[in-house]
Amino acid sequence: MAEFPSKVSTRTSSPAQGAGASVSALRPDLGFVRSRLGALMLLQLVLGLLVWALIADTPYHLYPAYGWVMFVAVFLWLVTIVLFIFYLFQLHMKLYMVPWPLVLMIFNISATVLYITAFIACSAAVDLTSLRGTRPYNQRAAASFFACLVMIAYGVSAFFSYQAWRGVGSNAATSQMAGGYA
């Protein structure tokens with residue numbers, strides 16, 4: 001029988017060391033905020049907030065067109081917040097089984113189409129639902145303008161998401177180093 005060695009090197013760890021590793025993984029990635037995707041998401045959040053805040057300050061519940069605009073603006077605003085948090089805290093890296101470039105591309109294309117309909121509905125209903133020069137008229141006209149801008153922002157995001165999904169302009173090494181966003 002082989003003898004047990006006289007010197008044995010052992011290493012112990014405490015549970016506190018393991019817990020600290022998971023907390024440090026939730027630090028925000030400020031590089032994401034400076035990326036194209038992060039900057040466009042912030043722009044979408046600000047413009048989307050302006051759209052639904054301007055409509056919410058008018059009696060929109062009397063007109064179905066503004067109900068649709070409110071639904072589109074608030075729903076996409078909330079989904080964009082969730083996606084922004086996922087990317088800011090790199091939670092998308094933990095859910096590696098989800099094809100995130102494809103998810104972002106489908107979301108941005110869908111958001112663009114929905115905002116096209118919301119922009120058209122909002123713009124067409126401004127003259128029909130309020131008197132020119134009144135506060136509701138000005139708010140609804142401004143909401144139409146910002147709906148157009150956020151529609152363009154989602155369209156640009158859809159273009160960049162399509163490029164990321166197709167892998168245009170990068171290789172495997174640079175996309176891994178950039179964290180999946182340029």
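We number each residue from 1, going along the chain as drawn.
Using the three backbone atoms N, Cα and C, a Cβ is placed for every residue, glycine included.
Per TrEMBL, region 'Disordered' is recorded for 1-22.
Taken from TrEMBL, the feature compositional bias 'Polar residues' covers 7-16.
The domain 'MARVEL' annotation in TrEMBL covers 32-166.
Under 8 Å from some Cβ of the transmembrane segment (37-55) lie the Cβ atoms of residues 66, 69-70, 73-74, 76-77, 80-81, 83-84, 87-88, 104, 111, 118, 122, 139-140, 142-143, 146-147, 149-150, 153-154, 156-157, 160, 181-182, all in the same chain and six or more residues away from its ends. Per TrEMBL, the feature transmembrane segment maps to 37-55 (among others).
Taken from TrEMBL, the feature transmembrane segment applies to 67-89 (among others). Same-chain residues lying 6+ beyond the ends of the transmembrane segment (67-89) with a Cβ under 8 Å from its Cβ atoms: 26-29, 32-33, 37-38, 41-42, 44-45, 48-49, 51-52, 55-56, 60-61, 104, 107, 111, 114-115, 117-118, 121-122, 143, 147, 150, 154, 181.
Marked as transmembrane segment by TrEMBL: 101-121 (among others).
For 141-162 (among others), the entry in TrEMBL reads transmembrane segment. A Cβ distance under 8 Å defines the sequence-distant neighbours of the transmembrane segment (141-162), meaning residues of its chain 6+ beyond its ends; these are 36-37, 40-41, 43-44, 47-48, 50-51, 54-55, 69, 73, 76, 101, 104-105, 107-109, 111-112, 115-116, 118-119, 122-123, 126, 182.
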For the domain 'MARVEL' (32-166), the DSSP residue counts stand at 117 helix, 0 strand, 18 coil
For the domain 'MARVEL' (32-166), provide the mean pLDDT of the predicted model. 95
